[in-house]
Amino acid sequence: MLDFLSRVFGRDSSSSKNVAKERLRLVLVHDRANVSPELLSSLKNDLIKVISNYMEIDEKALEVSLDSSENQVALVANIPVKRMKRANKSPA
Amino acid sequence: MGEVIVITSGKGGVGKTTTTANIGTGLAATGKKVCLVDTDIGLRNLDVVLGLENRIVYDIVDVTSGVCRIRQALIKDKRFEGLHLLPAAQTKDKTAVNPEQMMVLCEELKKEFDFVIIDCPAGIEQGFKNAIAGADRAIVVTTPEVSAVRDADRIIGLLEAAELRDPKLIINRLRPKMVKHGDMMSIDDMIEILAIDLLGVVPEDDQVVVTTNKGETVVRDEKSQSGQAYRNITRRILGESVPLMNLEEPGGFINTLRRMIGLK
């Protein structure tokens, strides 16, 4: 009933217009930044290489994406760390 | 010296040709000398929308390749004194004309007409580059759909790259009822996303289909909402400040209910 009411009054955040707007926002972030999936995946591989010099990370769970908020685009990387490497091995 | 305005959208089927025909007719009805140029070579349509399809002798390719003079290729509208059409070629493709030739053509037409309105083909390839080459300003047409707004965004970027600054937006086929129910992006949603100035909003209207069937333009239909919308757009192009028309239907059960419980 509540669901029905919020639909009637157009206040439902899952209304199809909001879905459209959100999808559009996301697709435009990529369009405007001119970032291809290939570029993102090679960036991901490079990140893994660099970070692996310092810590052991969960490569499979690593996520890299472009995000937009308030007219700004941010590169968001979620990198689960398994454990730190010993400090005595200095990176190349 | 006249002004060259290109009507573009990226995506096909959003109403570029209909918009071109209505703006052209609207401007001509105010006494301006107007030339409409169809640059959709190979997919000529502006002629049928205007009801002038039976009078074509020469086309734009004949002009740019020097087969005829501009004056010979222009078709005079029967209803409006100042309205002329330079039709696209139907049997050639977009590479039959290049941007340099378009610039020369636009310069020539500007001497003769107050407004040169260019109907751009869909896409971002040569046809688009031709259409914008000689333009002084641009109007981007979109509909309230993800695909159309996405393409509009791309087009705005390309227009800026081509130094056609400050394009204006026309939102076509808006359905106020669906917007109200949260099932269609609103005017504000699209303006916010595209971040350009609004030139006008044309509501979805059966009358557009009816008039186009007859080779007429809805801008001359005094009673229709879309006609009013196009007349407002025409006045804004001429520099007048015209408020957006009210697209909402007043009253109605839901409205009354919303007001009663203070949601509006």
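The backbone N, Cα and C atoms fix where each Cβ goes, and this holds for glycine too.
What TrEMBL lists as domain 'AAA' is B:3-160.
The ATP binding site annotation in TrEMBL covers B:Lys11, B:Gly12, B:Gly13, B:Val14, B:Gly15, B:Lys16, B:Thr17, B:Thr18. Taken residue by residue with DSSP, B:Gly12 (ATP binding site) is part of neither helix nor strand, so it is coil.
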Site of maximum Cβ density within 10 Å, from binding-site residues B:Lys11, B:Lys16:
B:Lys16
In the same chain, outside B:Lys11, B:Gly12, B:Gly13, B:Val14, B:Gly15, B:Lys16, B:Thr17, B:Thr18, whose C-beta lies within 8 angstroms of the Cβ mean position for the ATP site?
B:Ser9, B:Thr19, B:Ala122, B:Val141, B:Asn172
Tally every other Cβ atom lying within 10 Å of the Cβ atom of B:Thr18 (ATP binding site).
27
Highest CB neighbour count within 10 A among the binding-site residues B:Gly12, B:Gly13, B:Gly15?
B:Gly15
Which whole number is the mean pLDDT over the domain 'AAA' (B:3-160)?
97
